[in-house]
Amino acid sequence: SAVLSSTFLNEQLNVHGKIGCILSMLGSTVMVIHAPQEEEVNSLESMAEKLKDPGFIAFAMCVLVSSLLLIFVAGPRYGQSNVLVYVLVCSAIGSLSVSCVKGLGIALKELFSGKPVLKKPLGWVLLVCLVICISIQINYLNKALDIFNTSLVTPIYYVLFTTAVMMCSAILFKEWQHMVIDNIIGTISGFLTIVAGIFLLHAFRDVPFTLDLLPLFLQQGRADLQVSWRSADRHQSDQHQPLLPSEDNGCQSTEEEEVEGESM
C-alpha cells in the first residue's frame, strides 16, 4: 500500500517511514512464525463456550470501553493531529470482527452439512456483531485516510490490526498456555520490532529526510562535530589560563605605561 500510494497518489515516505515499514513487516512475520497453533473449534456449541470465558468477556469489555473513549473523548481533541486515534479504533474493533468471522465460518460449515444452524441464536448474534464492527472499521478508517496519507495510515493499521487479532485469538482460544520458551521470545521480539517500526513511522513523519539529502546531513554533522571540538578546545584553553596576572605581565604593563607617558 505504501508503494502504491507513492506511485499513484504522490504520497512520499521519508527514509524513517520506509525503515519503519520494513521493521513492521519483519516484526509481523516473526510474530506469525512463532505464534501458537489455534485450537480446533468445530461446532457453535464449543464456540459459545469460548465466548463465555471470563477472560474473553473482560477483553471485549476493555476493547469496547477503550474504543468509546477514543471515539468520543480523544477523537474530537486529537483525531485531526494524531493518526493513532482512529487507527486504534479500527484495530481494536477489528480484533472482535475476526472472532465473529471465525464463528460465522463454523456456522456456515454446519449449515452446509445439514445441521439446523438457522434456529440457533448465536449465528445471528455473530452476524449482527460483524456488521456493526465492519461498519465502525470502514467509517474510522476512511476518516483516517481523509486526514493523513495512505502511505502512513495503512502500514500502522496493518501492524496494529495484526497485533490486536493475535491478542484476541490468544485470549479466546487459550493458545499461549502451551507455548515453549522459543516461541515466547520470538513473539515478544517480533512485537518489539513492530513497536520500533511504528515509532519510526509516526514520530518522524514530518521530517523532510530523503536519501538524496543524506550527504548534506553527514556534512552538516561533521561540521557540527568540528565546531563542538573547537569550542571544547577553547573552553579547555580558557581553563588553563591563570586566574591572576603573573609578575612578568605586571612589569610589561608598567613599562608600556612609562613609554606612553614619555611620548605624551
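Placed from the backbone N, Cα and C atoms, the Cβ positions cover glycine too.
Nobody curates TrEMBL annotations by hand; they come from automatic prediction.
Features as listed in TrEMBL:
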type	residues	note
COMPBIAS	254-264	compositional bias 'Acidic residues'
REGION	233-264	region 'Disordered'
TRANSMEM	15-35	transmembrane segment
TRANSMEM	56-77	transmembrane segment
TRANSMEM	83-101	transmembrane segment
TRANSMEM	122-140	transmembrane segment
TRANSMEM	152-172	transmembrane segment
TRANSMEM	184-204	transmembrane segment
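Same-chain residues lying 6 or more positions outside the transmembrane segment (184-204) and placing a CB less than 8 Å from one of its CB atoms are 14, 16-17, 19-35, 83-84, 152, 155-156, 159-160, 162-163, 176. Within its own chain, the transmembrane segment (152-172) has Cβ neighbours under 8 Å at 1-2, 5, 11, 13, 17, 20-21, 24, 27-28, 31-32, 35-36, 38, 50-51, 53, 55-56, 59, 83-84, 87-88, 90-92, 94-96, 98-99, 141, 144-145, 191, 194, 197-198, 201-202, 205, counting only residues six or more beyond its boundaries. Proximity of distant same-chain residues to the transmembrane segment (122-140), defined by a Cβ-Cβ separation under 8 Å and at least 6 residues beyond the stretch ends, is recorded for 44, 47-48, 67, 71, 86, 89-90, 93-94, 96-97, 100-101, 103-104, 107.
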